[in-house]
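**Q** After the structure tokens below, expect a handful of questions from me.
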């Protein structure tokens, strides 16, 4: 039997590496946890709580941007109340849909559903890359984002409520299809993830607070620390690479993963 701390390290690393890549961290966590025989209510709460580590990695990396939302900077548009307004618009659609259909969404946390989401997301990614060839990528910096674009990305983010689809994939695709450069779509995807993930994680943790025990602290803290470190490195590397590569390699990886998992459970 694998120790709880070992499970925390493995799942923390998996979550941190996959959270901000367009491959679905939730899908990977469900699959890996299943093979580790880490299931049940404790596993479900852990999969939510460990996201806090990944969220904090984004906050640290983009600290100046978040501070700019509190202390407006001159000559920058994505700052102060306007920047908060853009993030609110992006958060609004998935926030409403997620709240209204929270119970139903929880029923989709199954291996077959994740396989379907991985496959569907891959197809969408390949199609979006093809469509973007004919779309002018005119939005280069965060300061060029408009409320219309921010809201549009929010509607795309609703796709990520299907476990296995990938929030990162949905928002990056949405940004690109709405005219943002690939690297900008990725950066905004990371920043916009913070309010959504804080809200979703906080809601789930409060709802399941009675499932926590003092004995769970080492597992959860270990997972969050590993997720933070893995996410920090992954974001740094991904931002350097995303302007040079397309979403296609990630789409093919998702298809391969879905096929392998299908064979394993067949």
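Any Cβ shown, glycine's included, is placed from N, Cα and C.
Found this in Swiss-Prot, in case it helps:
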- 1-21: transmembrane segment (TRANSMEM)
- 43-63: transmembrane segment (TRANSMEM)
- 81-101: transmembrane segment (TRANSMEM)
- 107-127: transmembrane segment (TRANSMEM)
- 145-165: transmembrane segment (TRANSMEM)
- 183-203: transmembrane segment (TRANSMEM)
- 219-239: transmembrane segment (TRANSMEM)
- 245-265: transmembrane segment (TRANSMEM)
**Q** State, in range form, which of 43-63, 183-203, 219-239, 245-265 has the highest count of Cβ pairs under 8 Å to the transmembrane segment (81-101).
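**A** Per the Cβ under 8 Å count, 183-203.
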**Q** Taking a Cβ cut-off under 8 Å, which residues six or more beyond the ends of the transmembrane segment (43-63) line up next to it in the same chain?
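**A** Distant contacts of the transmembrane segment (43-63): 8, 11-12, 15-16, 19-20, 25-26, 29-30, 33, 109, 187, 190-191, 193-194, 197-198, 200-201, 204-205, 208, 211-212, 216, 219-220, 223-232, 235-236.
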**Q** Cβ pairs under 8 Å only, please: of the recorded stretches 1-21, 107-127, 145-165, 183-203, which one is richest in them relative to the transmembrane segment (245-265)?
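**A** Going through each listed stretch, the top one turns out to be 107-127.
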**Q** Using a Cβ cut-off of under 8 Å, list the residues of the same chain at least 6 residues beyond the transmembrane segment (183-203) that approach it.
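**A** Sequence-distant neighbours of the transmembrane segment (183-203): 20, 48-49, 51-52, 54-55, 58-59, 61-62, 65-66, 87-88, 90-91, 94-95, 98, 102, 139-142, 145, 153, 157, 167-168, 171-176, 235, 238-239, 242-243.
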